[in-house]
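Take a look at the structure set out below.
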Amino acid sequence: MAPISAWSANTWSLIVYTVAVIGIVGLMLGLSWILGGRDWGRAKDEQFESGVLGQGTARLRFSAKFYLVAMFFVIFDVEALFLYAWAVSVREAGWAGFIEASIFIFILAASLVYLWKIGALEWAPASRRPSSPSEPDSPAAKPDRPAR
Amino acid sequence: MNLGSAHLTALTPMLLVSATIVIVMLAIAFKRRHRGNATLAVFGLNLALLTSLGMLYIGHEAITVTPLFVVDGYALFYTALILVATLATATLSYAYLEGFKGEREEMYLLLCLSALGGVTLACAQHFASLFIGLELLSVPLYAMIAYPVKSRRPLEGGLKYLVLSAVASAFMLFGIALMYSQVGSLLFLDVGAYFAGSASPIAVVGGAMLLIGLAFKLSLVPFHMWTPDVYEGAPAPVANYLATASKVAVFAVLTRYFVEAGGYYQISLVKVLSWLAFLSIILGNVLAVRQNNVKRMLAYSSIAHFGYCMVALIAGGPLAVEAVGAYLLTYVVTSLGTFGVVTLTSSPMGERDADAIYDYRGLFWRRPYLASILTAMLLSLAGIPLTAGFIGKFYAITAGVDAHLWWLLGALVVGSAIGLYYYLRLMVSLFLRDPSNRQFNAPLDWAQRTGGIMTLLAMLLMLAIGIYPQPFIHLLQLASLTLPG
């Protein structure tokens with residue numbers, strides 16, 4: 001038998017680990033499948049909602065605006081992270097860093113202007129907006145803001 | 001790392017494209033005008049193209065800008081090639097989108113973003129910039145493919161491309177991570193030095209996964225499944241962009257990876273790649289024969305063409321980079337013309353594009369110029385002498401003969417023969433009798449339209465390369481990569 005080199009020892013430990021993981025998962029699922037009781041009933045088919053009876057189905061239709069705004073938030077939030085990195089090293093980065101950060105902020109601001117102007121931040125459906133989305137209107141003038 | 005003025009000068013094309021993106025975005029925000037916004041985007045891209053060509057001709061030694069980018073003749077050549085393809089797409093989109101009943105301006109924004117990704121790839125010498133460039137290239141493409149979002153086919157194509165592209169990116173990231181775990185650096189040169197010695201199998205697996213990701217973008221068989229559907233679904237100008245700029249950018253970075261990051265040292269992977277090339281040539285051509293849809297046929301033919309180009313890459317040796325450059329240059333010029341005619345026949349955009357072979361029946365009797373251009377372009381795709389396609393194939397075969405890749409060359413010859421059949425099939429239908437009910441009428445004033453001028457220029461350039469290739473060969477020699485060591 002060949003001597004166990006460092007590489008093959010590593011590989012073997014990885015293989016054993018993988019097999020063990022698959023085995024444990026299989027064991028857990030398999031045992032609960034074999035040992036677990038099974039019965040059906042009208043009330044048993046309902047989802048468990050912490051004791052509250054479920055109402056309606058999960059097939060609700062959310063307004064796409066909701067996702068859109070959530071996505072904008074994530075995008076701008078993630079980009080703000082870069083500013084934190086700059087903020088902790090503002091002295092070391094010097095003027096060059098300042099100029100780069102300014103360009104970055106300018107591009108962020110430009111994209112915000114773009115989103116605002118194309119009406120992506122409007123909450124109201126298009127039919128209930130006071131004016132066409134191409135014309136700027138201040139966010140305060142929105143007819144129906146969601147109640148908080 | 002300090003950025004000096006020399007570095008900024010070297011990055012000028014990239015900075016110009018970035019500035020164009022921001023300016024076009026702000027222009028759209030304040031005033032939506034199709035003509036104005038398109039002109040702005042084209043102006044910025046032209047400026048970037050002129051600077052990159054100027055820098056290429058003046059010629060200076062490679063400048064490394066941060067560890068991520070290197071600006072050398074090679075990078076500038078491919079930057080110019082990508083920008084030319086982008087400009088052609090912008091021109092074609094303008095005529096095409098006139099018939100689109102939605103907001104048309106964002107197309108140019110997405111196009112510029114994608115072009116920036118391509119330019120990043122051309123300059124990438126680091127896995128981080130490779131990945132950023134690749135994502136920047138393809139994320140806007142999802143939106144561009146699904147641009148007419150209300151119709152079914154583009155949406156389907158866009159979703160397919162999104163999902164499969166994400167899978168390919170995941171493979172690639174994992175591959176890069178595996179290589180990094182062994183090499184400890186993401187720089188191409190360090191990875192190359194590592195592979196020149198004895199490489200551990202983990203790194204080779206990483207290299208293989210990276211190649212899977214890149215082969216997906218180049219749609220080499222067996223990673224080609226998405227290509228025909230996406231090409232068919234995408235609006236014609238976007239299909240043009242997919243076939244030219246996006247693939248050229250990926251091939252540019254693949255070649256640089258091979259030369260600098262020790263792709264050639266991974267003998268087993270080169271063998272696998274030659275099988276991929278072999279399969280791409282044969283399957284791409286055979287499947288193209290069965291298509292009645294011009295866009296699908298061109299999709300399969302592009303699979304085959306990238307198989308040919310792979311032959312030049314696999315051959316290695318001193319000629320490889322030049323041969324790849326020659327092939328890509330001729331392929332881009334020819335494809336721009338072909339897709340240009342398809343787009344012009346389909347524009348302004350209607351219910352569907354003119355993509356059935358039947359739509360081209362008798363085109364010669366209705367639109368003699370368009371049909372003549374298409375004929376010349378198809379001959380070039382087939383690689384007939386006196387056209388650009390011949391020069392490209394000649395280069396690929398020369399590189400292959402140098403490296404004694406006999407069975408790959410056999411596939412190339414057989415593939416070209418099959419290719420001639422389906423190109424001729426389309427060509428013949430151009431000259432058949434005009435069917436009485438025609439659905440597509442390219443506008444009569446096509447020659448005045450910028451798109452028409454663009455396709456005409458593409459044809460003239462194609463003939464120029466075919467008849468007098470010397471200036472272009474000179475250009476290719478400016479764009480050489482030097483093998484390390």
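Think of each number as a place in line: the chain as shown, counted from 1.
Glycine is no exception: its Cβ is also placed from the backbone N, Cα and C atoms.
Automatic prediction, not curation, is the source of TrEMBL annotations.
Here TrEMBL flags B:124-418 as domain 'NADH:quinone oxidoreductase/Mrp antiporter transmembrane'.
Summarising the annotation, TrEMBL assigns transmembrane segment to B:6-28 (among others).
As annotated by TrEMBL, transmembrane segment applies to B:40-60 (among others). Counting same-chain residues at least six beyond the ends of the transmembrane segment (B:40-60), those with a Cβ under 8 angstroms from any Cβ of the stretch are 10, 12-14, 16-17, 19-20, 23-24, 27, 71, 73, 76-77, 79-80, 83-84, 86-87, 90-91, 108-109, 111-112, 115, 119, 475, 478-479.
Listed by sequence, the residues of this chain that lie at least six past the ends of the transmembrane segment (B:75-95) yet keep a Cβ under 8 A from its Cβ atoms are 13-14, 17, 34-35, 38, 41-42, 45-46, 48-49, 52-53, 55-56, 69, 107-108, 111-112, 114-115, 118-119, 122-123, 235-238, 240-241, 244-245, 248-249, 252, 325, 328-329, 332, 336, 339-340, 343-344, 347-348, 443, 449-451, 454, 458, 475-476, 478-479. Annotated transmembrane segment per TrEMBL: B:75-95 (among others), in sequence order.
The annotation transmembrane segment is assigned in TrEMBL to B:107-124 (among others).
Taken from TrEMBL, the feature transmembrane segment covers B:193-218 (among others).
What TrEMBL records for B:238-259 (among others) is transmembrane segment.
According to TrEMBL, the feature transmembrane segment maps to B:265-286 (among others).
Nonlocal intrachain contacts for the transmembrane segment (B:298-320), taken as residues 6+ away from its ends with a CB within less than 8 angstroms of a stretch CB, comprise 218-221, 224, 227-228, 230-232, 239, 243, 247, 251, 254-255, 258-259, 264, 270, 273-274, 276-281, 283-285, 287-288, 291, 327-328, 331, 335, 338-339, 342, 381, 392-393, 395-400, 402-403, 405, 408-409, 411-412, 415, 419, 422-423. The transmembrane segment feature in TrEMBL is assigned to B:298-320 (among others).
Summarising the annotation, TrEMBL assigns transmembrane segment to B:326-347 (among others). Using a Cβ-Cβ cut-off under 8 Å and counting only residues 6 or more beyond its ends in the same chain, the transmembrane segment (B:326-347) has close neighbours at 78, 81, 84-85, 88, 92, 95-96, 98-99, 236-237, 239-240, 243-245, 248, 251-252, 294-295, 298, 302, 305, 308-309, 312, 353-355, 359-360, 363, 367, 370, 373-374, 376-378, 380-381, 387-389, 391-393, 395-396, 440, 442-443, 446, 449, 451-452, 454-455, 458-459, 461-462, 465, 472-473, 475-476.
The annotation transmembrane segment is assigned in TrEMBL to B:368-392 (among others). Outside the transmembrane segment (B:368-392) by six or more residues, the chain places 301, 305, 308, 326-331, 333-335, 337-338, 340-341, 344-345, 360, 416, 419-420, 423-424, 426-427, 430-431, 442, 446-447, 452, 455-456, 458-459, 461-463, 465-467, 469, 472 with a CB less than 8 A from a CB of the stretch.
The transmembrane segment annotation in TrEMBL covers B:404-425 (among others). Residues 274, 277-278, 281-282, 284-286, 288-289, 291, 297, 301, 304, 307-308, 311, 314-315, 357, 378-379, 381-383, 393, 396-397 of the same chain lie 6+ residues outside the transmembrane segment (B:404-425) yet bring a C-beta within less than 8 angstroms of a C-beta in it.
Look at TrEMBL and you will find B:446-468 (among others) tagged as transmembrane segment.
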Practice task
Please give the sequence-distant neighbours of the transmembrane segment (B:6-28): residues at least 6 beyond its ends with Cβ less than 8 Å from one of its Cβ atoms.
Solution key: 36-37, 40-41, 43-45, 47-49, 51-52, 55, 63, 65-66, 69, 71, 76, 79, 83, 105-106, 108-109, 112-113, 115-116, 119-120, 123
